[in-house]
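Just below is one structure, and these are the notes that go with it.
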Amino acid sequence: MRCLAARVNYKTLIIICALFTLVTVLLWNKCSSDKAIQFPRHLSSGFRVDGLEKRSAASESNHYANHIAKQQSEEAFPQEQQKAPPVVGGFNSNGGSKVLGLKYEEIDCLINDEHTIKGRREGNEVFLPFTWVEKYFDVYGKVVQYDGYDRFEFSHSYSKVYAQRSPYHPDGVFMSFEGYNVEVRDRVKCISGVEGVPLSTQWGPQGYFYPIQIAQYGLSHYSKNLTEKPPHIEVYETAEDRDRNIRPNEWTVPKGCFMASVADKSRSTNVKQFIAPETSEGVSLQLGNTKDFIISFDLKLLTNGSVSVVLETTEKNQLFTVHYVSNTQLIAFRDRDIYYGIGPRTSWSTVTRDLVTDLRKGVGLSNTKAVKPTKIMPKKVVRLIAKGKGFLDNITISTTAHMAAFFAASDWLVRNQDEKGGWPIMVTRKLGEGFKSLEPGWYSAMAQGQAISTLVRAYLLTKDYVFLSSALRATAPYKFPSEQHGVKAVFMNKHDWYEEYPTTPSSFVLNGFMYSLIGLYDLKETAGETLGKEARSLYERGMESLKAMLPLYDTGSGTIYDLRHFMLGIAPNLARWDYHTTHINQLQLLSTIDESPIFKEFVKRWKSYLKGSRAKHN
C-alpha cells in the first residue's frame, strides 16, 4: 500500500476504492436476486410415483383389475415409452432440484369452506399438491425420466382402449383377449390338475369353478394362439430309438426300479414303461431347460403314482419340486414341495402344465381370497421324476401351449353344462344393498355368452358337433326370467335384457349384457339359418334393447356399470375406467357387425371422456 501511495495521489486512490466498493455491492445484489429457489421433489408433497397401471381384471385388468387393486380389467395395455425431449428448465436428476428464476411463497388454500391445505403461489398462479389433486379429481400421474431429466405425466384415466381389428368374426381373436392373463390373477387359486382350468376365489376362499373365468381362460389362449408366433418346442422323449429330433438325454434308473421302451398297440407306437416304488428315488430324466417352462407329457398309470418336476429357482438358486400326483387333492405346499392332484389317469391322457404358474401359485398359497404375492420364478427345469407303475410318452417343454389351455376350457364347458343348458355358479353372490342374494346354482348371461363364444370356436376348429350342440343348448336360460331360473329381465315392460347377475330387482349390468349378445352373434353366424334361428331371434331382440337403453348409461363424463340407481332409487354405480374402456371395446366390436350409427357415436363420445371431456351444460 505504501508503494502504491508513493506512485498514486490520494484522490485517485479514493476514487479507485469507491469504484471497487460499488462493483462489489452490485455483484452482491445480483447474486442475491438470482439465487435458485428449491423446488419440491419429494413426491409426498406433490407427485405420485406409482404408475398409471392398476394390474388382472375385467378384466376379467388389472394385478393385470387388481392384478391391479389390483383388480383392473386387462383391457389396458402398458404402452412402450417413447423418447421425448427434456423439459426446458425441468428437474435435473443429477442431484439438482433447482429451477432457476422461479419465486414462490406458501399460501393457505381453503377447500369448499371446509378445510385448509398448503399450496404454493407464484405471481397470479396458485399450485395445489398433486397428492390432493389426484384424490379430489380422481386423476392419475407419475414422474418419469427421459435422458436424465424428470417429467411429470398426467392422465385423466388409467385404462386404454384397444384398436379394433377388421370386422369381427366368430373364428377370430375375441376382442382384446390376447392381452388377458387369467391364470396370473390373484383371485385364481390355481389351475386345477384334474380339470385343467382355473379355480376362482373371488367370492369365496374355498375356491370354486367360475364359468366366466374358465371361458375367459379359453378365449384368451385361443386369441394368443392367433396373435403370437408359434412356440419353440424341445422334445425330450418319444420312446422311439430312430427319432433323431429328440435330445439324447438318458434316464437314471436306481436299484429296485425299472424302465424300458415297450410297444403300445392302442397308440401304434413305442412308449416308456416305468416301475418305481413310492419309497424309491424314482426314475428320472435330466432336462436342463433354462428358456421355456411349459411341460407336457402323455401319461397312463396302472397304480397310484406321480410325475415330479424339479426346478431351480430365483430364490437363492434353491430347488423346488412340483409333484403331479394321482389323487384329487387340489393343491398343497410344504417346505419346497408343491403338490397338485391330477386324478387317477388310468387311461392315456396328456398332462400340460405351466411350471411358472404352478410354482408361484404353490408358494403363494393362502387361506384367503387372494394368492400371496411372490417374486419367485423358475430359472431351470432340472429333471423329471416318475414314481409308481405306468407309462410315459412324448415329454416336451415349450414356450407356450395355448391350444391345450383352450381345449381344456372347451371340454370343461361340455362336461359341466347342466340339463337346462346352463353353467350353474355354485357360490353365493351379493351384488349390493337392496338386491336379494343370488344363492348357489344361479346362471349368468355373461357366462352363457362367453361360453358360447368359446364352444363355437372349438367347433369351428374341430368340426366336432358336440361343441356346437352344447352352444345351441346354452341359449335356453336366455328365454326364462330370473324367477324361473333364467337370465332374462324386461326393462319398463318393453326391452328384453340378459342379466349378468339375475337379481331381484333386476340390475341391468351393461358389460355382461353385451358379452351375452356377442355369444349369440357367434352362434347365429355359425349354426346357420335353421339351427341358429333361436339365437338369431334372441340376438335381435337384445340389440334393439341395447340401442334404446344405451343413453341411460352415459353420465356426460363417464359411464354407469348398472341401473341400480333407477331400480333401487339410490346413488348411481359409476363404472371404473377399466369397465368404461370395456364398454367402449364392446361397442367397437358391435359397430363392425351392425351398421347402426349409434355405436360409433357412443364410441367417439365415450373415448373423449377418457381425456377429460364432458358433455355441455345448460
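Cβ coordinates come from backbone N, Cα and C, glycine included.
Together with Thr238, Glu240, Thr269, Asn270, the Ca(2+) site in Swiss-Prot holds one more listed residue from Asp108, Asp113, Asp138, Asp393, which is Asp393. For Asn270 (Ca(2+) binding site), the count of additional Cβ atoms within 10 Å of its Cβ stands at 18 [all protein chains shown].
With respect to Cβ neighbours within 10 Å, the recorded positions Arg187, Lys430 differ, and Lys430 shows the lowest count. Closest to Asn270 (Ca(2+) binding site) by Cα-Cα distance, out of the recorded positions Tyr180, Arg187, Ala575, is Tyr180. Residue with the densest Cβ environment among the binding-site residues Thr238, Thr269: Thr238, by other Cβ atoms within 10 Å. In this structure, the CA atom of Gln202 (substrate binding site) is 5 Å away from the CA atom of Arg187 (site 'Critical for catalysis').
All protein chains considered, the CB of Asp393 (Ca(2+) binding site) has 21 other CB atoms within 10 Å. When the neighbouring Cβ atoms lying within 10 Å are counted for each of the binding-site residues (Glu240, Glu500), the highest count belongs to Glu500.
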